[in-house]
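According to Swiss-Prot, the coiled coil annotation covers 120-149. The compositional bias 'Basic and acidic residues' annotation in Swiss-Prot covers 20-38. Marked as domain 'Ig-like C2-type 1' by Swiss-Prot: 154-246. As annotated by Swiss-Prot, domain 'Ig-like C2-type 2' applies to 269-361. What Swiss-Prot records for 375-469 is domain 'Fibronectin type-III 1'. Residues or ranges marked as domain 'Fibronectin type-III 2' by Swiss-Prot on the basis of sequence analysis: 503-598. If you look up Swiss-Prot, you'll see 604-696 marked as domain 'Fibronectin type-III 3'. Annotated domain 'Fibronectin type-III 4' per Swiss-Prot: 702-797, in sequence order, evidence recorded as sequence analysis. Per Swiss-Prot, domain 'Fibronectin type-III 5' is recorded for 804-899. Annotated domain 'Ig-like C2-type 3' per Swiss-Prot: 1120-1205, in sequence order. According to Swiss-Prot, the domain 'Ig-like C2-type 4' annotation covers 1334-1423. According to Swiss-Prot, the region 'Disordered' annotation covers 1-49.
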Amino acid sequence: MTLPHSLGGAGDPRPPQAMEVHRLEHRQEEEQKEERQHSLRMGSSVRRRTFRSSEEEHEFSAADYALAAALALTASSELSWEAQLRRQTSAVELEERGQKRVGFGNDWERTEIAFLQTHRLLRQRRDWKTLRRRTEEKVQEAKELRELCYGRGPWFWIPLRSHAVWEHTTVLLTCTVQASPPPQVTWYKNDTRIDPRLFRAGKYRITNNYGLLSLEIRRCAIEDSATYTVRVKNAHGQASSFAKVLVRTYLGKDAGFDSEIFKRSTFGPSVEFTSVLKPVFAREKEPFSLSCLFSEDVLDAESIQWFRDGSLLRSSRRRKILYTDRQASLKVSCTYKEDEGLYMVRVPSPFGPREQSTYVLVRDAEAENPGAPGSPLNVRCLDVNRDCLILTWAPPSDTRGNPITAYTIERCQGESGEWIACHEAPGGTCRCPIQGLVEGQSYRFRVRAISRVGSSVPSKASELVVMGDHDAARRKTEIPFDLGNKITISTDAFEDTVTIPSPPTNVHASEIREAYVVLAWEEPSPRDRAPLTYSLEKSVIGSGTWEAISSESPVRSPRFAVLDLEKKKSYVFRVRAMNQYGLSDPSEPSEPIALRGPPATLPPPAQVQAFRDTQTSVSLTWDPVKDPELLGYYIYSRKVGTSEWQTVNNKPIQGTRFTVPGLRTGKEYEFCVRSVSEAGVGESSAATEPIRVKQALATPSAPYGFALLNCGKNEMVIGWKPPKRRGGGKILGYFLDQHDSEELDWHAVNQQPIPTRVCKVSDLHEGHFYEFRARAANWAGVGELSAPSSLFECKEWTMPQPGPPYDVRASEVRATSLVLQWEPPLYMGAGPVTGYHVSFQEEGSEQWKPVTPGPISGTHLRVSDLQPGKSYVFQVQAMNSAGLGQPSMPTDPVLLEDKPGAHEIEVGVDEEGFIYLAFEAPEAPDSSEFQWSKDYKGPLDPQRVKIEDKVNKSKVILKEPGLEDLGTYSVIVTDADEDISASHTLTEEELEKLKKLSHEIRNPVIKLISGWNIDILERGEVRLWLEVEKLSPAAELHLIFNNKEIFSSPNRKINFDREKGLVEVIIQNLSEEDKGSYTAQLQDGKAKNQITLTLVDDDFDKLLRKADAKRRDWKRKQGPYFERPLQWKVTEDCQVQLTCKVTNTKKETRFQWFFQRAEMPDGQYDPETGTGLLCIEELSKKDKGIYRAMVSDDRGEDDTILDLTGDALDAIFTELGRIGALSATPLKIQGTEEGIRIFSKVKYYNVEYMKTTWFHKDKRLESGDRIRTGTTLDEIWLHILDPKDSDKGKYTLEIAAGKEVRQLSTDLSGQAFEDAMAEHQRLKTLAIIEKNRAKVVRGLPDVATIMEDKTLCLTCIVSGDPTPEISWLKNDQPVTFLDRYRMEVRGTEVTITIEKVNSEDSGRYGVFVKNKYGSETGQVTISVFKHGDEPKELKSM
């Protein structure tokens, strides 16, 4: 690509003389061109024009001819090189045209043209004077031009031209300068002078060939993008020209209109995947999702497409396709087996669609009954008619070891959601006819597999089907008319009208199975529009009788499945049609039909082969089974050494190739394949050869990172990095090519592969620049060719500093650390290497930072304290006495992370007692080797260690462990694409532990799991037991008691369980004779152990007492006994409940309560639950004492005692106080006649166990003249007498009950104080009124009975201030005190006297007292009886 060139600087214009000459030459060329064209036109004319020019009238002298010749020579010499080039080009074109013309006529035409041109030239009219004047002017101009050109300042005939180039290519800037004398040339980059000596050798090359100036920039990098200027200067002046160079990163292989830049500018950015779809292992009935990330936003998200097995997927109720934030995802809310398959996502891109794919495997859901088979799949409805259809499905791949005996079919009508079992199909077939359906209704079906264990979960429901006459469409015809309109007519309209239908035809069996036959026939023709039904008849061959086939509903479709046929018999069938007018004649009988035998499953495929694919997958291929009944294949796998086959896929595979994902790297697997048909799953194929899961072998990728390690006069030492992808095999060697920059061809350095990555290249030319490239080779072949290296100058190194270290590599990469290793430089410089300087560069940074503050002496370094998740680049520089040398080639970016599944070195002791270090790498290629080193200083010493290598595992055994073996052991796995390495530092402390363990293994001791233990059994037996590790059947036990071996006896039983490692001694009745030491001596082969138990002194006495107590307790429990003894509980209502529970009772069992040895009838007992309950409503000191519950029957008795004295009683009262304190209500304020009362209600209060304290404004209050405090059983109060303003404020009541303290507060101020005072004043006034009010205090009875003729005297006491007015009432009427009635008042005593009472005096009397504060009436009823009539009241006395 080129950019518009830039002319010289604005201050350097061309000389005016040169511009004038250039215009003159251009004008002359144009005139000559017009003359040639005119001559050609004249020469081709048929007519020959003859005329005489004005020049023919003149005669030319010799001087004139000489002057014309000079003019011609001058003009020709003054032509520019561009005009000459155009003239030569025109001549070549004319010559080529002439060569293309052939034939005699063409030659004559050329002759005629030449003749006419000459004739025209000779006959041209010229003005002699004008010609002479022009010639003189030409000669004068040429002389002046020569004088100007002889000595002049520089100017650019051809300026620099801007360039845009790809990265790593070469650009050549050229220009032509004219000057006399030759100028001095200087090149600049962004106004900085270019000195090739200051740059890498061969970077810049500057040349000057007779005015042609050039600057060559090799291996362009992004940093070379700049403005380049060339300045020329001599004695007459100076000039400059500049051009821009743009270096672009290579983005694609195409160029021009197919280039990446053109596409990006035209179509937008390219969309690439930044993540990889991984295999998904979903489970039936559960959700799963797939997602992938893109490098750019997808402008049209709807253009992202998802496919399953090549079929386009769309969003639905169960499946959602989403796109957000550069992430496309497919989410399935409920997974079915039908969702299994190869999923592919396709995203459009300007350079063609980008695709990724992965496989989704769906495992069976958890069975409702363990061991039940998996669910069927692919349920489909075929041959749908008015009232019947054929249902098919695929059998499940996993029956869980139980053969399928049948299939249950469930039906759902419309969208009701109600599933009803409708049919059952035998287990040997996956096809079943469904009849009895309703025309016009829609149905869905699902299937369950049944085995002897149970039923599977249901399959996915079939698609919704609508029952109808699908032949009706065939009988309809569309007739177009009137520009696009159509009319639909039925052929039934053209048939003859019939009444009774004709018989059906072509009765035949469309399907014959083991359990049924599907009959089909053609409808009668003509059939008329009346709806038809059919009746069927069957006949056994040879019987001569016809039998009607019954059906639950009328047959409306020309299909019918016959289910009740007998095997080994042949049948013929015939059909009758029936409509509303009648029944047709029978059809012709069908051909003889018999049920088939049981369907056979398909044979397994042959030639099942397994091939390596990736680190976690294996590719399978097999020969196809050529059978039309084939539905697909099921694949099964198992690890080598196991017997159970695991299902790989649950949806039949249609092809003959499959990649099994999700396998464990390094493990060996076997595979088999089974054919699937409607008859079921066939037999398994032969198992494949065991295959280890590894990456398939491929050719390696290209080497890279070439570096110059040493250089002589005619030789170089080149190093490079290994391929990033080694192809799963060992690199056998490298092929190196070299290229001299001054030559065109590449030359091979070696014919045989170089085993190392360092090569010495000889026979080079000093001062030349060379570049190199290489290929790696493994067992798969020669890999990719690397890109050319940078140009290296072949110039002998003489600098005093050392050369670059090489082969800098990172290993043992973890989340925060890694280990760097490198090789020392090949060029030492002026002296030996004294150390190394290691620096690093963080991701995204251009600054190199030192790893350590000073140099290190070794060729390895552990770098720690790095940031997880970041990438780092490292480089190393060697140093000697002269200083730091050249830096090494930087490492590739190293990402710090803990890789999942990464292995570490295992340290332990084997079965023979040897200490070992082992490392396992399942992902290592087969050709890998385990390279062990100690302290990173090379191979291990074979005198001290022994190395054992197995498949994917290496083991280092220490022969004689000692202090010499301490250090850091590291291991690296070769030939792996990724870093597989680890290290372990063996310390002295760890070595001592391992040596101790080694001694134990070589001198084994039976491992003691549990020493001697003592248990007391239910009946009081004593069990002595100990547990050791599992022993062999040959193990021996010797039990020593008091230095004497004992054996089993009736009182002392000895048990020895070798399988469990259990030794036990059961002593029936422990006594003094069993006191002493028990020693168990165990021996199992070489292993021994001895365990001793001592039972003496207090230990034995305690054991003896416990055994006796246990024995007595066992005897107690032979009859009714207390399972739960007496215990107390305080309820929220402050009741005390005593409870206990009895067990082992019967109907005759008696329960009694006692208090202080006296039986209590108030106690309760529930025989059903065995619960006893005694409630104490209000506990007081009188309830203090001993409570006892007793249960008894003929088997024995038991009792339980609760002592409610002392601490137990205090605990109950404390609990009552706690509950009472918690029950306290918020403080209330109440006005009284004496003052203001503040109180709280409680459920219980006890002065001894509850303390109350009142506070006013946080100051404790004490009872006094104005402040009184008190409590009752249910209330705590504070009474303020004669309240004042100083009594306002916050009042707090603190209740303490044991450790429980509760505070209640209220604020006696503001409205609360005003309300209380108002109530106080009101009550006080009422009290005064009540005190002074007139009232009858006492004296009058309710009833007074008296005999006639007696005197009645009634006296009462009245009060009131002032003295009240007194009057008597009889039957609410005032009493007139005359004759026999008399009233007497003596102070507060009022008396009424009635003399000689009679029956008229009977009635209701009242004394009415009244003063200014109120009044009151005292009532009395007087009853007068006659002589001899004693009232009832007196009789009852």
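Heads up, the Cβ atoms here are built off N, Cα and C, so glycines get one too.
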Would the domain 'Ig-like C2-type 2' (269-361) and the domain 'Fibronectin type-III 3' (604-696) count as touching if the test is at least 3 Cβ pairs under 8 Å, pairs 6 or more apart?
yes
In the domain 'Fibronectin type-III 3' (604-696), how many residues does DSSP put in helix, strand and coil?
0 helix, 44 strand, 49 coil
Please list, for the domain 'Ig-like C2-type 1' (154-246), how many residues fall into helix, strand and coil according to DSSP.
6 helix, 58 strand, 29 coil
Per DSSP, what is the residue tally for the domain 'Ig-like C2-type 2' (269-361) in helix, strand and coil?
6 helix, 46 strand, 41 coil
As a test: from 154-246, 375-469, 604-696, 702-797, pick the stretch that has the greatest number of Cβ pairs under 8 Å with the domain 'Fibronectin type-III 5' (804-899).
702-797
Need a quick answer: max count of Cβ pairs under 8 Å to the domain 'Fibronectin type-III 4' (702-797), which of 154-246, 375-469, 604-696 is it?
154-246
When the pLDDT values for the domain 'Ig-like C2-type 4' (1334-1423) are averaged, what is the result?
85
Run through the domain 'Ig-like C2-type 3' (1120-1205) and tell me, per DSSP, how many residues are helix, strand and coil.
3 helix, 53 strand, 30 coil
By DSSP assignment, list the helix, strand and coil residue numbers for the domain 'Fibronectin type-III 2' (503-598), in that order.
0 helix, 44 strand, 52 coil
